[in-house]
Amino acid sequence: MIIKICPGLALAAALAAFSVYVTELLPYHLIGASVLSLIIGMFINPFISKHDCFNTGINFTSKKVLKFSIILMGLSLSFSQVVEVGRISLVVMIFTLLTAFLGGYLVGKLLKLDWKLAGLLSAGTGICGGSAIAAVGPVIEADDSAMAYAISATFVFDILMVILFPIMGNYFNMTDLGFGLWTGTAINDTSSVVAAGYSFSDVAGNYSVIVKLTRTLAIVPVVLVFSVIHAKIAKKESNDNSKVSIIKIFPWFILLFIAMVAIKSTGIIPDPITVSISNFSRFLMVMALGAIGLKTSFNKLIQAGFAPLLHGFTISMAVVVVSFVIQVFLGQV
């Protein structure tokens, strides 16, 4: 088994290392290593799919390594961040999350999208881009192509926001904290939040990262809700009238994620160690998303059509507007 895993695992690791290296050479954080790894993986897919020796390792990386990376990601978060961002920031986050998921559901119905793809797009927009999509995907048994489409779509919108947000922030004469809050609640990927926040000011950049990391904690309830929804839909489709067993459907890797957050919150692990583990977690995530790319062809994305892209654009714009309007209403801008 281990021998069968090695070729695909090594390929995913090499792809991740290359993606990290390339993104570090870029002058601006316009694209994260995870997204780059996913895109390169899709380009390589036609060549890799001809060789069965990679399949076992690629599947292992896209499933097992993915969950392990999410568990370790908990060590980059802390419950104390919730207190640090303040009440107003939490209010804005709640409204943007409601907008992403309720709006995403309605737009998905209107466009007649598959509920799994619509849910992935909402998770990516509402929480933290690729990491949220990667956490929700296995729970609802989403296709790799759906996950790849959702991650690619959120990346496109992030690029636009990185360019436009600093311009709009200056146009509206926003404060550093106001812009940091807007960036942290409306832009998806962490690298994009960093790029937009620090291009405005160091204060805005620091605050936007704290808000973004706090927003990431929403992964826990969202994954639990999606696991219940998936179980109920599966039972309905199979004409099974029995009640959903929470114990059977509970995504246990999320419990370990919470445990990691709790450990980080106690402060018992020295910061240098948690930083090293967090960096390792990010590398594993890059590997996992690269593996998903290696399993996905561009033809499948093209077959999905324009509707998912329109869905993602609509809810992304809605989140941007709602975040700004709520801040104006609360006098935070």
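Cβ from N, Cα, C; glycine included.
A TrEMBL annotation is a machine prediction, not a hand-curated record.
These come from TrEMBL:
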TRANSMEM  26-44  transmembrane segment
TRANSMEM  65-82  transmembrane segment
TRANSMEM  88-108  transmembrane segment
TRANSMEM  120-140  transmembrane segment
TRANSMEM  146-167  transmembrane segment
TRANSMEM  179-201  transmembrane segment
TRANSMEM  207-229  transmembrane segment
TRANSMEM  249-269  transmembrane segment
TRANSMEM  275-294  transmembrane segment
TRANSMEM  306-330  transmembrane segment
In contact by Cβ distance (the transmembrane segment (120-140), the transmembrane segment (275-294); 3 or more pairs under 8 Å): yes
Tertiary contacts of the transmembrane segment (249-269) (same chain, 6+ residues out, Cβ under 8 Å): 67-68, 70-80, 135, 138-139, 217, 219-220, 223-224, 227-228, 230-231
Selection from 26-44, 120-140, 306-330, the stretch that has most Cβ pairs under 8 A to the transmembrane segment (65-82): 120-140
Positions on the same chain near the transmembrane segment (306-330), where near means CB under 8 A and six or more residues out: 88, 91-92, 95-96, 99-100, 103-104, 107-108, 111-113, 117-118, 121-122, 124-126, 149-150, 153-154, 156-157, 161, 178, 181-182, 185-186, 188
Listed stretch, out of 26-44, 146-167, 207-229, that has the most CB pairs under 8 angstroms to the transmembrane segment (88-108): 207-229
Beyond the flanks of the transmembrane segment (146-167) by at least 6 residues, Cβ under 8 Å: 28-32, 34-35, 38-39, 42, 114, 116-117, 120-121, 123-125, 129-130, 133-134, 137, 179, 182-183, 186-189, 192, 195-196, 199-200, 289, 292-293, 296, 300-301, 304, 308-309, 312-313, 316, 320
Same-chain residues near the transmembrane segment (179-201), Cβ under 8 Å, at least 6 residues beyond its ends: 23, 28-35, 88-89, 92-93, 96, 124-125, 127-130, 154-155, 157-159, 161-162, 165-166, 169-170, 207-215, 316, 319-320, 323-324, 327, 332-333
Long-range environment of the transmembrane segment (120-140) - Cβ separation under 8 angstroms, sequence gap at least 6: 32, 34-35, 38, 63, 66-67, 69-70, 73, 96-97, 99-101, 103-105, 108, 146-147, 150-151, 153-155, 157-158, 188-190, 192, 212, 215-216, 218-219, 222-223, 226-227, 229-230, 251, 254, 285, 288-289, 308, 311-312, 315-316, 319
Long-range Cβ neighbours of the transmembrane segment (26-44) (under 8 Å; 6 or more residues past either end): 15-16, 18-20, 129-131, 148, 151-152, 155, 159, 162, 189-192, 194-195, 199, 282, 285-287, 289-298, 301
